[in-house]
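Worksheet for the structure shown next.
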Amino acid sequence: MTKFILILSILAIIKIETLEEGENMLNDTIAAISTAIGEGGIGIVRMSGDDSLNILSKIFKSPKDKDIKKIKSYTMHYGFIIDPETNETIDEVIVSYMKAPNTYTREDIVEINCHGGVVAVRRVLATVLNNGARLAEPGEFTKRAFLNGRIDLSQAEAVIDLIRAKTDDSMSIAVNQLKGKLSEKIESLMDRLLGALAHIEATVDFPEDDVDELVINKLNNNLKSLVEEIDYLIKNAETGKILREGLRTTIVGKPNVGKSSLLNALLQEKRAIVTDIPGTTRDVIEEYINIEGIPIILVDTAGIRKTVDVVEKIGVEKSKEYLENADLIIFMVDASRPLEGEDFEIIDLIKHKNVIVVANKVDLPQKIDFNLLKENFSIIVKASVKAEHGIDAIKEKIVDLVYQGKVTTKNDVLVTNIRHKDTLIKAKEIIQKGIETLNSGLPLDLASIELKDGYLKLGEITGDTVAEDIIDRIFCDFCIGK
Ligand SMILES: Nc1nc2c(c(=O)[nH]1)N(C=O)[C@@H](CNc1ccc(C(=O)N[C@@H](CCC(=O)O)C(=O)O)cc1)CN2
Ligand SMILES: Nc1nc2c(ncn2[C@@H]2O[C@H](COP(=O)(O)OP(=O)(O)OP(=O)(O)O)[C@@H](O)[C@H]2O)c(=O)[nH]1
Ligand SMILES: [Mg+2]
């Protein structure tokens with residue numbers, strides 16, 4: 001039992017260390033513009049920290065001469081921001097005050113609602129900074145919410161996913177994560193690991209007993225089902241990543257097959273120029289579309305062919321670059337013509353990738369040899385973009401590829417973040433090693449070393465057991481004012 005207690009105390013120390021390191025920087029009051037700059041009718045300057053209300057009292061004047069230091073939490077007040085040095089009125093505003101600890105950061109928060117536009121908001125921010133606040137780093141408000149224990153790390157990461165969500169589905173996954181659904185799942189896995197550890201320690205404390213076969217079996221079963229659950233999360237993470245980041249989908253093909261026509265059809269607008277002249281598209285066109293909740297970054301490229309035209313040549317090189325980074329390639333061919341050299345060149349470039357072949361122009365007499373396509377690709381859709389035929393079939397194939405036959409409901413816990421996925425993969429490997437050790441005939445407590453490591457690894461997802469540099473890297477990706 002003593003070792004079990006030792007493990008718990010190690011965990012406690014790790015936790016205290018992360019909190020203490022954070023505390024040094026938590027004393028000052030930070031400020032930033034929290035709304036898009038120069039857009040919209042109102043802009044918000046937000047402060048967080050002990051000094052927020054005091055700073056406000058230096059720069060705010062209410063027409064009714066209210067004592068701003070005595071206002072109640074969660075109330076709003078009308079007045080003016082005045083530069084105390086020059087007595088100049090900067091803006092007419094409404095301010096709100098939220099008293100710690102029931103706030104976004106768990107610190108005192110003051111928000112100044114100014115007139116939108118670039119100048120007003122920037123000058124109000126400058127006044128706040130001149131009177132005692134420090135400019136917040138990107139994500140620092142949310143980082144404080146994390147360091148002060150209101151949310152854990154995976155919840156904090158969900159905040160940025162929420163802001164960047166491109167479809168309703170990616171939004172609802174982020175909201176679930178913000179509400180702590182992923183954390184609950186990870187914590188329950190960690191609890192079960194701790195249970196297994198306790199079990200091992202209890203057994204090791206009675207060395208005179210033979211290690212019971214039953215005990216090992218039970219541990220094995222528990223740990224294997226734990227690994228299966230981790231595996232399930234890892235398997236679905238590919239879908240999760242696409243829902244979070246979007247599916248990079250590149251349309252390629254030789255000139256004039258109808259690539260830009262397909263982009264326009266999927267976008268339902270005349271975005272790209274379409275002509276019957278081969279080599280019409282010269283630059284890369286990138287647009288967002290939403291197919292049944294899946295965010296798609298759709299890329300139309302210059303038709304790939306050998307050309308002496310300098311501009312087109314650069315376009316063709318770019319097309320090839322985009323092929324490299326695509327999650328999915330839509331390879332378009334002209335069904336009214338036999339496959340030719342340029343098609344085969346492209347086939348060579350893409351045959352080992354994720355490809356949907358679209359055989360376009362089936363409204364015309366067909367001359368293409370489908371067997372040649374089938375030799376290299378398994379998904380082939382016949383379409384006539386001009387006759388608006390086959391577009392839905394293309395969308396269906398995309399959805400199938402993303403979900404790969406798996407039905408994930410909105411309430412399923414879905415891992416969307418690569419950091420989480422990588423951490424789960426590592427945790428799984430460590431726990432599997434633990435299972436091996438457990439069954440190797442070596443002393444049981446050797447396995448507990450690995451299981452403890454697995455526990456610490458899982459804790460990196462919620463931030464329970466995570467190094468400062470990882471935390472810094474996460475928050476520096478945030479936008480300013482969040
Ligand atoms: N004006 C404004 N709107 C905003 C935000 C903000 O900071 N300011 N938010 C910023 O992202 C979001 C709201 N997020 C928030 C999250 C927690 C708390 C908060 O005070 N939580 C308290 C509970 C308060 C209560 O129940 O009365 C707590 O957890 O103790 C506030 C806002 C979106 N809208
Ligand atoms: N008959 C027929 N013509 C089509 C179809 N789809 C596109 N076209 C025509 O084919 C020509 C080329 O279309 P684009 O969409 O510009 O082709 P592209 O592949 O983008 O061509 P580049 O940009 O030059 O590489 C245009 O005249 C289109 O109207 C189709 O399904 N059937
Ligand atoms: Mg084109």
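Each residue, glycine too, has its Cβ placed from N, Cα and C.
These numbers come from a predicted model, not from an experiment.
Counting only residues at least six positions away in the same chain, the Cβ atoms of Tyr104, Thr105, Arg106 sit under 8 Å from the Cβ of Arg150 ((6S)-5-formyl-5,6,7,8-tetrahydrofolate binding site). Annotation comment: TrEMBL describes Arg46, Glu111, Arg150, Lys482 as (6S)-5-formyl-5,6,7,8-tetrahydrofolate binding site.
What TrEMBL lists as K(+) binding site is Asn256, Thr275, Ile277, Thr280. Cβ environment of Ile277 (K(+) binding site): Asn256 lie under 8 Å away, each six or more residues apart in the same chain.
Feature annotation from TrEMBL assigns GTP binding site to 256-261, 275-281, 300-303. Neighbour density for Lys259 (GTP binding site): within 10 A of its CB lie 31 other CB atoms from the protein chains shown.
The Mg(2+) binding site annotation in TrEMBL covers Ser260, Thr281. Sequence-distant neighbours of Thr281 (GTP binding site) (same chain, 6+ residues apart, CB-CB distance under 8 A): Lys259, Ser260, Ala272, Ile273, Asp300, Thr301, Ala302, Gly303, Gly315.
According to TrEMBL, the domain 'TrmE-type G' annotation covers 246-403.
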Exercise. Looking at the binding-site residues Arg46, Lys482, which one has the fewest other Cβ atoms within 10 Å of its own Cβ?
Worked result: Lys482
Problem set entry | Contacting binding-site residues for ligand 2, chosen from Arg150, Lys259, Ser260, Ile277, Lys482 when the Cβ sits under 6 angstroms of any of its atoms | Lys259, Ser260
Exercise. Counting only other Cβ atoms and using a 10 Å cut-off, which of the binding-site residues Asn256, Thr275 scores lowest?
Worked result: Thr275
Seminar exercise, completed: Of the binding-site residues listed (Glu111, Ser260, Thr280), the greatest number of other CB atoms within 10 A surrounds the CB of Ser260
Problem set entry | Around the Cβ of Pro278 (GTP binding site), the count of other Cβ atoms that are within 10 Å | 13
